[in-house]
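Take a look at the structure below.
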Amino acid sequence: MSAEGVEKLSLEIAASEEESVAPTEQQDVACGLENLPVSLWPLGAEPRPKPFQYTPDHVAGPGADIDPTQITFPGCACIETPCVPGTCSCLRHENNYDDNLCLRDVGSEGKYAKPVFECNVLCQCGMRCRNRVVQNGLHFLLQVFQTEKKGWGLRTLEFIPKGRFVCEYAGEVLGFSEVQRRIHLQTSHDSNYIIAVREHIYSGQIMETFVDPTYIGNIGRFLNHSCEPNLLMIPVRIDSMVPKLALFAAKDILPGEELSYDYSGRFLNQVSSKDKEKIDCSPPRKPCYCGAQSCTTFLPYDSSLYMAP
């Protein structure tokens with residue numbers, strides 16, 4: 001083949017690859033509601049993802065104690081000076097992000113026992129404030145794609161540096177009774193998207209947040225579990241006490257790599273002996289296909305959600 005032919009073939013291959021991943025308005029899973037379109041691949045795959053109403057943010061569902069769209073936090077008064085710890089009311093301890101918008105000290109799970117608060121709509125610091133990251137939405141091109149064994153998954157089409165915000169896990173914020181009702185209506189063939197986030201606060205109490213993106217949700221619903229995930233879920237509060245479930249890169253993530261987090265809420269599969277006992281004694285569960293060396297062979301199981309109401 002001539003040099004001209006090789007060059008033409010290379011261009012055709014490049015164009016074909018670009019068409020296979022390049023988002024278009026017609027295939028935007030996010031329906032134009034995110035900063036960037038989210039493509040679907042392959043377009044003609046069957047079965048198609050189950051239909052759902054797209055929302056980039058939490059919405060109040062049945063039984064929710066607080067409407068996540070209500071603004072309940074006061075704003076900071078940082079007008080002439082940048083938001084820094086000690087002077088900004090939103091940064092009581094230390095900066096949440098560095099100059100590159102990366103979450104600080106990613107990789108230390110214990111580090112994020114502390115709360116993360118961003119500046120909100122009532123703050124006087126402006127939208128260019130460094131303490132506004134999660135609220136600014138997607139910054140990397142993502143794609144919903146069909147996996148070999150796990151159904152639909154989510155991957156990145158761009159390099160994502162360690163510590164950068166990737167996406168939220170958004171959906172209906174539910175009360176516990178509604179969670180139990182929905183759980184008991186599920187069949188063995190249904191996917192469970194409901195996530196329970198439990199935060200231990202200084203008074204010894206536990207704050208619970210239940211989010212279900214089954215019917216109303218965002219691209220976070222396509223994230224699969226991994227026992228060695230590349231994402232870390234952090235509750236981030238902006239306008240109210242209802243946290244945004246923000247997913248950050250736990251390491252550098254290469255283009256084409258599937259995005260995943262640990263459904264159990266742990267990170268890097270740090271299983272305590274007590275948790276291991278719960279896993280061994282739990283009823284039959286769905287197999288895990290993450291392929292990690294530390295794979296527990298089954299998807300995490302939260303028995304508290306399956307208790308009789």
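Here, residue 1 is simply the first one shown, and the rest follow in order.
Each residue, glycine too, has its Cβ placed from N, Cα and C.
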Additional site residue, Tyr193, Tyr202, Tyr215 [criterion: listed by Swiss-Prot with Lys150, Gly151, Trp152, Arg221, Asn224, His225 for S-adenosyl-L-methionine]: Tyr193
Among Cys83, Cys102 - the residue Swiss-Prot places in the same Zn(2+) 3 site as Cys119, Cys125, Cys129: Cys83
For Tyr193 (S-adenosyl-L-methionine binding site), the one of Cys78, Cys123, Cys288, Cys295 that lies nearest, given that the binding-site residues are compared by Cα: Cys288
Length of the line joining the Cα atoms of Gly151 (S-adenosyl-L-methionine binding site) and Cys288 (Zn(2+) 4 binding site), in Å: 12
Secondary structure tally of the domain 'Pre-SET' (74-137) (DSSP, helix then strand then coil): 8 helix, 4 strand, 52 coil
Same-chain residue ranges lying at least 6 outside the domain 'Post-SET' (284-300) that approach it to Cβ under 8 Å: 149-150, 224-228, 260, 262-264, 269, 271
Candidates Arg221, His225: member of the binding-site residues with the richest Cβ shell (10 Å): Arg221
DSSP-derived helix, strand and coil totals, residue by residue, for the domain 'Post-SET' (284-300): 0 helix, 2 strand, 15 coil
